[in-house]
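What follows is one structure encoded as structure tokens, with my remarks underneath.
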């Protein structure tokens, strides 16, 4: 990393906002709807709760944003809640956060894609029967794009995000004007429907009513998902990084709060009805068993801009679907980032940390897409069913992170004597304390109200992930213990015995012999295995004919196979002189096409696989490049391009292109 | 191979017969039935042709057996028709035979297993609805058993084969006694049915009648399948090999002819009706749309031994099903044998020839089972539909083989002046000439009468196989041309430059360094790639702390990956001094569990894959055995046991067990 160039290539705030805000902003597309879905379980009797619940969500959102502004200032390295938990509560808490975030990424993909599909279907209702297929195909497309090396780019992401923000704001303003200043007012297509309460929800009172309201509130808390993204992306900001990140966070919070409050208000004014079961809607036009309700956003857009056919309606639907897809895409970028951090701490395979191994990223992308697709299929791409699982992870990481910050400030305050500094810290601590308290309460509410609705799945998955990560960590430290250098490990072997494997007298064999001789071993054996008497006699004749200056040793093969006799020969050398180093030279064909491997090299591969278990034996591959392999060495530039999550780490395009190797 | 011991361990005739005869004898189970199926297309009007057709088949069988007795004498090495065709007609004919035999093996499995399933269902009719599933499961079982190393054994195979032979003979004798000497006679369950002719078959006359009769004859020729097996297994016989093989062949031919003629006669006497379409049978008990007809063997066994419930019935059905499964199993043993011969001639991947590579056998077994299962599913496990495809391959190889023998004798006769010897050869040539002529005619009959009934599939597959084998052969000779030694290939490199890849100071690195130093290269570089500044500084500090006597070279990695910087470094060495040999030492973890590979070694593998494309570069793997790998080197004895087809090649159990390595 050349630090002199870093400044120029990092993200200005106007590009950082679309990159990091597509996830939190996109939740505006479903948060209001999720509150309505719960409330309308009891008919329209409790819709009056909606403004209060929305207001509470906005207060919570503001609190969480303020809390995270403390995080980005205190931990500018981009570790986010995971780092905060690790440093202040220790590894156990860190792993809980990590598992919560991993689950969260899968659900971000599943929920965002499902919601995007909903909004596509709202524009083109005939697609409804293919709902699950469309959602799975979108996940597949995202996975494919990221496998191919789709690069996050501020410029490309800016258009849909700003289009969504401005579209929703224009819709809100136009909607309020219509409602207050036009004679017809604002009438959603579902305003005339009556809602039949579900059995058991008609006479809610006392504790049941409180739980019911809390459940609706918990659903509304989906508006907060994705807020933590900026805390993980501080390194991508231009300096002063923390300050710019904090400003962007505030900006994002303000926009999200405005949009969420506005959409909720407008939906209530326009009298939108949205129920979990379409057949609870009396007056619904169409077959309530099969036809879909249109999303709240779609109903508002239609009401505001004058019906389904209007340009405004299509623009809003397109922008909404697009930003939801972008939100899903952020998970594909956030996942490798988290994987890298976890790998650095040895909780994930280490190749997730080293950039070179694209294979590891590819596996991550496939896992993420696979689990998301599984959830989509299992839950019929239903946003309201998936959402039950979503926010547990989010609020787990919120809560642990905020309490970690409280502890962080405690420690920091103890380290300074500067009065104003201490009182500034006390203020920050208070913010985090309030944030932590609120999110703790919300987390309890979520677990209680959502557990039976699917959240148990998440509460089962997280411990499993934690166990897996602990096992990986244990494996690595066990290996590290084995590998620690001791006095013995630097002893030089006394002699080198080279063994060149020979099957025929041809160029690869001659090259292997020449190379082996060039290394001037103390002893050099050309070894062949007698699988077929006739072939062996031919080889011996050729050996004499070409006057090869190394004696040819023939070993017998009782089972007509190659590996074991060689292995036995090598073992015998080691038995006789244990301090002697054996170097086995294996000529190997290098082919240009995968199918050529079917025709060559099988024995060499097997032999190498077995020889490596012998201590004191090195295996030297002497490659022979067949014609078909020419020009293949740089054929694929795997590992040489940008990888998912690079932008978020502050590894940008300009940066790598400026290197002499680019 | 220790020839002094070979004699003791080879097969005596009484064990050779069951091994090699299960395939040809098992066709008795369906050959009669297949004649009836064609004849009853026209009602019962032409059943009078059956004895004549059966007699012709017997004559053909005797001729073919006599012809093959010449083959085993002239070509005792076990190459069979393929060797005869290669040596007398050249590679083109050899490839036709090879492709015919490959197709034949697949069909042997499909037909035998389907016929076996039929006989199981005849005993337990309720299994009929699972017909295809049972057949595919049997193929799967055979494949699994052979993958696990099921060994052909004369002793184990003897029981079912001799049980089948004696069972059928007892049934025939009892049946004839019943028919001729008891008042009730012999009445098959289907004797009372009337057969409705299929449309278009009711008024056969002239050419149409001839073609019809020929078609029935062609179906009866399935009785000849498998006769060639002994010609491929001569090496397995005790000396005098050829004479013993010829005797066994004659014995087998006599038994097969007796059984086929007997079953056909008894079926006609008992008035068995068997039709292609069950609903053509008036009087059929059960639902003709779904219920199966019982096989001819089952109907005879029931009639002879007194009904379904009798012990004799179950014994016959069990023996028939068993010998059919054994017949299918012979294909799993014959296939690697043919593969080995083809690989020796470079028409198949060479690892099929070298015994060691069980992987290659496994792939062969899976291919064979896969194609057989595909055919079974495609043709609903219907013997009469599969049989249309079966005999083309068999008679193709018969015909080419016999004409090859005619040419063989021509050449041999020209080489000798000995009068009696010449006239003996003339007699042999006449036998082969008659055999070749008859099988040629039959081949034409088969192609003409079966083409539209499915045989076209075989006539398409064979050329495809030939093209594939030619392509493989071309590839190998192209490679051989590249590899032929020339004057340049023995030049020694001037200097050796060793590069040890370093990531950390731990035991594997120290071992790699020690080993590299032990090889005393002209130049030694310890190379590390700077992926993470902090890690690299730590490495440099450790390097000094441990006082390692090799300077550490750090290369930068603009993309934070490992492969390319190393590659560039190595290329630079080669560019500067092209005659210098570069040895890259790669420390590698050896792990005991497959999943540990997920956590280690990815970079090393990728690096090796890329480095091998560089000329003048050797890659030396320095294995570090992690604790989990201990005791794994001999953990699996892959390649050390008998392989499918060994027995047929004369590689027997005793033989390998007697070696000092056993």
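Placement of Cβ uses the backbone N, Cα and C atoms for every residue, glycine included.
The feature transmembrane segment is assigned by TrEMBL to A:35-68, A:89-112, A:132-150, A:162-181, A:201-227, A:248-270, A:314-338, A:359-381, A:387-406, A:430-448, A:454-472. Feature annotation from TrEMBL assigns region 'Disordered' to A:630-662. What TrEMBL records for A:653-662 is compositional bias 'Acidic residues'.
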| query | Same-chain Cβ contacts of the transmembrane segment (A:359-381) under 8 Å, 6 or more residues past its ends? | reply | 105-107, 109-110, 113-114, 117, 131-132, 134-136, 139-140, 142-143, 146-147, 328, 331-332, 335-336, 339, 349, 351-352, 389, 454, 643-644
| task | Please check if the transmembrane segment (A:89-112) comes into contact with the transmembrane segment (A:314-338), where contact means 3 or more CB pairs closer than 8 Å and the residues in each pair are separated by 6 or more positions. | result | yes
| message | Between the transmembrane segment (A:248-270) and the transmembrane segment (A:132-150), are there three or more CB pairs that fall under 8 A, provided the residues in each pair are separated by 6 or more in sequence? | response | no
| field | Distal contacts, the transmembrane segment (A:162-181) - CB-CB under 8 A, six or more residues away | value | 18, 25-26, 28, 255, 258-259, 262-263, 266, 269-270, 297, 300-301, 303-305, 312, 315-316, 319-320, 322-323
| field | the transmembrane segment (A:387-406) in contact with the transmembrane segment (A:35-68), cutoff 8 A, at least 3 CB pairs, sep 6+ | value | yes
| field | Range from A:35-68, A:314-338, A:430-448, A:454-472 with the greatest count of C-beta pairs under 8 A to the transmembrane segment (A:248-270) | value | A:35-68
| said: Using a cut-off of under 8 Å between C-beta atoms, tell me which stretch among A:35-68, A:314-338, A:430-448, A:454-472 contacts the transmembrane segment (A:201-227) the most. | reply: A:35-68
| task | Tally Cβ pairs under 8 Å between the transmembrane segment (A:35-68) and each listed stretch (A:314-338, A:430-448, A:454-472), then give the stretch with the top tally. | result | A:430-448
